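Trainee: Before I ask anything, here is the structure I am working with.
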Amino acid sequence: MASVTAPDPASRASGLTAAAQAAALNAHAPYSRFRVGAAVRAGGQVYTGCNVENASYGLAICAERVAIFKAVAAGARRLEAVAVACIDASPGGPASTLMPCGACRQVMAEFADSSLPVEVVGVGTFTLADLLPQPFTLGDTGRS
């Protein structure tokens, strides 16, 4: 993985970091007790999401995908920036527990180019290329 950079000024200036932290307060996480919030900027608008767990674990959804799907449902198609925050992370705990999962990274790739800044609050800012260097794309399906 690429080296960690300082938090993305665009994320801070747009309020994405604070929006992600606020969204985490709405998480439904009775099983993991790991509340995550995400905020995405698309079309100049900010969309937020939180993780929503379910007793049938496979039905849970991550904060990043909730925020992205809200943006898509509102008509947005290109992500400009992403911020992710976990308000229950252990100080000094492993950064890997805060990073977007593979499914969320792939969904980001569907709606952004490789230079998308993804701020993981408390860890640093990465590009989507850092997080997912070889995404599965429309071209991989044999369609264009």
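Cβ from N, Cα, C; glycine included.
The feature domain 'CMP/dCMP-type deaminase' is assigned by TrEMBL to 11-139. Residues or ranges marked as substrate binding site in TrEMBL: Asn51, Val52, Glu53, Asn54, Ala55, Ser56, Tyr57. Per TrEMBL, Zn(2+) binding site is recorded for Cys62, Cys101, Cys104. Look at TrEMBL and you will find Glu64 tagged as active site, proton donor.
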Trainee: Can you name the residues of this chain that are 6 or more positions from Val52 (substrate binding site) yet have a C-beta less than 8 Å from its C-beta?
Mentor: Ala27, His28, Ala60, Ile61, Val66
Trainee: To the nearest Å, how far is the Cα of Cys101 (Zn(2+) binding site) from the Cα of Tyr57 (substrate binding site)?
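Mentor: Computed Cα spacing between Cys101 (Zn(2+) binding site) and Tyr57 (substrate binding site) is 15 Å.
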Trainee: Restricting to the domain 'CMP/dCMP-type deaminase' (11-139), what is the model's mean pLDDT?
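Mentor: Over the domain 'CMP/dCMP-type deaminase' (11-139), the predicted model scores a mean pLDDT of 94.
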Trainee: To the nearest whole angstrom, what is the C-alpha distance linking Ser56 (substrate binding site) and Cys104 (Zn(2+) binding site)?
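Mentor: If we compare the Cα positions of Ser56 (substrate binding site) and Cys104 (Zn(2+) binding site), the gap is 19 Å.
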Trainee: List, in sequence order, the residues of the same chain other than Asn51, Val52, Glu53, Asn54, Ala55, Ser56, Tyr57 whose Cβ lies within 8 Å of the centroid of the Cβ atoms of the recorded substrate site.
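Mentor: Not counting the recorded site residues, we get His28, Tyr31, Leu59, Ala60, Ile61.
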Trainee: Which one of these binding-site residues has the most other Cβ atoms within 10 Å of its own Cβ: Asn51, Asn54, Ser56?
Mentor: Asn51
Trainee: Cα-Cα separation of Cys104 (Zn(2+) binding site) and Tyr57 (substrate binding site), in Å?
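Mentor: Tyr57 (substrate binding site) has its Cα 16 Å from the Cα of Cys104 (Zn(2+) binding site).
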Trainee: Measuring Cα to Cα, how many angstrom lie between Ala55 (substrate binding site) and Cys62 (Zn(2+) binding site)?
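Mentor: Per the Cα atoms, Ala55 (substrate binding site) and Cys62 (Zn(2+) binding site) stand 15 Å apart.
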Trainee: Given the recorded Zn(2+) site (Cys62, Cys101, Cys104), which additional residues of the same chain have their Cβ within 8 Å of the Cβ centre, ordered by sequence?
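Mentor: In sequence order, the nearby non-listed residues are Ala63, Glu64, Arg65, Pro100, Gly102, Ala103, Arg105, Val107.
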Trainee: Are there any residues at least 6 positions away along the chain from Glu64 (active site, proton donor) with a Cβ closer than 8 Å to its Cβ? List them or say none.
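Mentor: In sequence order, Ala38, Val40, Gly49, Val82, Val84, Pro100, Cys104, Val107, Met108 meet the Cβ cut-off.
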